[in-house]
Amino acid sequence: MYFNVYRNKKMGRAWYMDDSTEDQRLEHHRNPPKFISMRELYKVSGVEYFSEINFILNENIDLLEKIKKERNYTYEDELTCSKECLPNYEEKIKSFFQEHLHTDEEIRLVLQGSGYFDVRDTNDEWIRIEVTPGDLLIIPKGIYHRFTLDMNNFIKAKRYFVGEPVWTPHNRPADEMPCRKQYLAKMNGLKA
C-alpha cells in the first residue's frame, strides 16, 4: 500500500459515526469522537486513501498514473455535484445516500469542493471519510457504502473505471451477490 508516501501536507480524516438521523451533511461524530487512521481504515474496510494529488500544481501525478496502470483504469470522466449543476439534485442526493454496493471498485479523485463517503467496517459499523481536493478514494467492490455532500453542497470529482462505466447500485441487502462474498473473504484474509 502507498499510505504515507505522499502525505507531507495533509492527512485524511475518518471517524466512526453516531446514529443520529439529523441532516446527513453534518459530521455525525460519536460522543466522544472516535477517529480512525487511514491505515486502520484499510484494515477494517479495505478502502484505500491517497492524498495530495494536485492537477493544478502537477503534484503526485506519477502516483495517480501508477494507480491507473496497476488497476487497468481505462476510462475517466468528471462529475460536478451541486444544486446548480446536477439535474434532479434532491433525488440524486437521496439515491447516493442509500446504502448500496457495486460490482466494480468506486474510484474518486476530488478536484474541488468536499463531501463524505460512508463505509461499513467489518463489524457493520459506519465510518465517515471526509474528502477534499487532492484526495483519491478507492472503495472496493462488494462493500456497503454511501455518499453525501457536506454543508458546502458542492463537489467536483474525477471518476475512473475499468472499461465502460457500470453504474448499477445494488441496495442492501445484497449479501448473496458474488462481489459481496468476495469482499467478505478478502476482509477475513486481512484480519488473519
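Cβ coordinates are placed from backbone N, Cα and C, and glycine is handled just like the others.
If you check TrEMBL, you get these features:
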- H100, H102, E106, H145: Ni(2+) binding site (BINDING)
- H100, H102, E106, H145: Fe(2+) binding site (BINDING)
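Projection of TrEMBL feature records onto the structure.
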| residue | record | contacts (Cβ under 8 Å, 6+ apart) |
| --- | --- | --- |
| H100 | Ni(2+) binding site | Y144, H145, R146, P169, H170, N171, R172, A174 |
| H102 | Ni(2+) binding site | I139, K141, G142, V166, T168, P169, H170, C179 |
| E106 | Ni(2+) binding site | L137, I138, I139, K141, H145 |
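Other Cβ atoms within 10 Å of the Cβ of H145 (Ni(2+) binding site) number 24 in total over all chains.
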